[in-house]
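K.L.:
From TrEMBL, for reference:
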- 9-29: transmembrane segment (TRANSMEM)
- 41-64: transmembrane segment (TRANSMEM)
- 76-95: transmembrane segment (TRANSMEM)
- 167-186: transmembrane segment (TRANSMEM)
- 207-227: transmembrane segment (TRANSMEM)
- 233-250: transmembrane segment (TRANSMEM)
- 262-279: transmembrane segment (TRANSMEM)
- 291-309: transmembrane segment (TRANSMEM)
- 321-341: transmembrane segment (TRANSMEM)
Amino acid sequence: MMKFTKQNFIFLVGGIIIYIVDIGVDFWVASKYFSQGQYSWSILILCFRGLSSLITQIFSYEWFKNDWEGTDTGKLKWIFLVHFFQCGIFIRYWFALKYGCQAAFKQKSSGDASETDSPNFIQKQAIDVVTDINMLRVFNTFLETTPQLFVQIYILMEHSKDNFCQYAAIIMSFCGISFSTVDYQISLRKSLPDKDEFRVLPKLVYLFYKLLTITSWILSISLITLLSVRSSVILLVFLWICGFSWTLKQHTTFCKSKKMEYLYRTVVGIILIFTFFNIKGRKTKVCISTYYATHTVVTLGILFLYMFWKPAIIKEIHFTIVSILTVLSLVLGIIFLVVYYRCFHPTAYCRPQACPDEVDGEAGQKDRVKTGRFQNFIMQ
């Protein structure tokens, strides 16, 4: 198992700051729109924030229940109350700071430490707590940050009004997506066996792959929304149905209860609208190729649709700029994707002697190393 380092602790503190600032920017932007009489945009932004907060609190509390099963019920009641007031993530950050500080700065020698105070135990505690936070941040990123980025870009393109709060929201959204995707992969490497350390170059390649492909897709959705809001909604709902159906076919077993499992599959369906998400930890060459090939076809289809439906708009400078950015970010994103999977992606999710070819089934699950929640929650 890899170590929780001082650098990881610094990234943890940075993540907390980004999270708090992101909340502040959301309410600031919403209040700006409200004061300008644009009530629908204000309500929409607050709905994204409220929905993502509610879902992350539900998962966070369920994980506390699973981890503390058989312990003091009074402690769980207190935890429930904190989550009810939408502050559960801050408890997790407090535990992360506590264990992270011990792991990074206050390590004891293994010779004179008890089992619960041993360096390996403290390291595992720190990594597990930070891993849970990063999993919740992935939910938040694709339930709130990414949709809000789409809304802000659409408003900017539709009304062509430049104001500071819009740019602040867009910058914070990009920062949130960047931090959550990279931190997630760092936690994945630390939590699963047979994975190499996530060094600087792989981090950058992975970051650009995710950021550029997501940016291209958001610009594409923004373009079709400008053309027809109804068409955009139909497309997004159709993509969610496809993603949700795929999770059903995969027979995911991430949660202990059926209700939570269906909520998990619903969230994964939303994530799949924006980026590829591997929920089984198996080889996904065909799936990821199909996914991004579909995105490429739809993106090009949207641009060609403009040529036939609204040929006059093609001459406008903002459409030219957005079109170039859409295609360029898509091409570069796929190039980074290929480089990442060719050069930096660890293909072994299980031990060399236990890598079955089947996609589903009990055989692979029995042979794989137990890795906590990450066993059935893997994003590539």
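Using the three backbone atoms N, Cα and C, a Cβ is placed for every residue, glycine included.
TrEMBL annotations: computationally assigned, not manually curated.
Distances, neighbours, how buried they are, the whole picture for these features please.
P.N.:
Remote same-chain partners of the transmembrane segment (9-29), defined as residues 6 or more beyond its termini with a Cβ less than 8 Å from a stretch Cβ, comprise 45-46, 49, 89, 93, 96-97, 100-101, 103-105, 130, 133, 137, 144-145, 148, 152, 165-166, 168-169, 172, 175-176, 179, 183, 186.
Away from its own ends, the transmembrane segment (76-95) comes close to residues 16, 19, 53-54, 56-58, 60-61, 64-65, 68, 129, 132-133, 136 of its chain (Cβ-Cβ under 8 Å, at least six residues beyond either end).
Within the chain carrying the transmembrane segment (167-186), a Cβ under 8 angstroms from the stretch's Cβ atoms is held by residues 8, 11, 14-15, 18-19, 21-22, 25-26, 28-29, 134-135, 137-138, 140-141, 145-146, 148-149, 152-153, 156, 198, 203, 206-207, 210-211, 214, 379, all 6 or more beyond its ends.
If one looks beyond the transmembrane segment (233-250) by at least 6 residues along the same chain, the residues whose Cβ comes under 8 Å of a Cβ in the stretch are 221, 224, 264-266, 268-273, 279-280, 298, 359-360.
Tertiary proximity for the transmembrane segment (262-279) is limited to same-chain residues at least six positions away from its ends with a CB under 8 Å from its CB atoms, namely 55, 58-59, 138-139, 142-143, 146, 210, 213-214, 217-218, 236, 239-244, 246-248, 250, 252, 254-255, 287-288, 291-292, 376-380.
Residues 213, 216-217, 220, 223-224, 227, 235, 272, 276, 319, 323, 326-327, 330, 334, 337 of the same chain sit 6 or more residues outside the transmembrane segment (291-309) yet have a Cβ under 8 Å from a Cβ within it.
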K.L.:
Under an 8 Å Cβ to Cβ limit, what residues of the same chain, 6 or more beyond the ends of the transmembrane segment (321-341), are close to it?
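P.N.:
Answer is 157, 202, 205-206, 208-217, 219-220, 222-223, 288, 292, 295-296, 299, 303.
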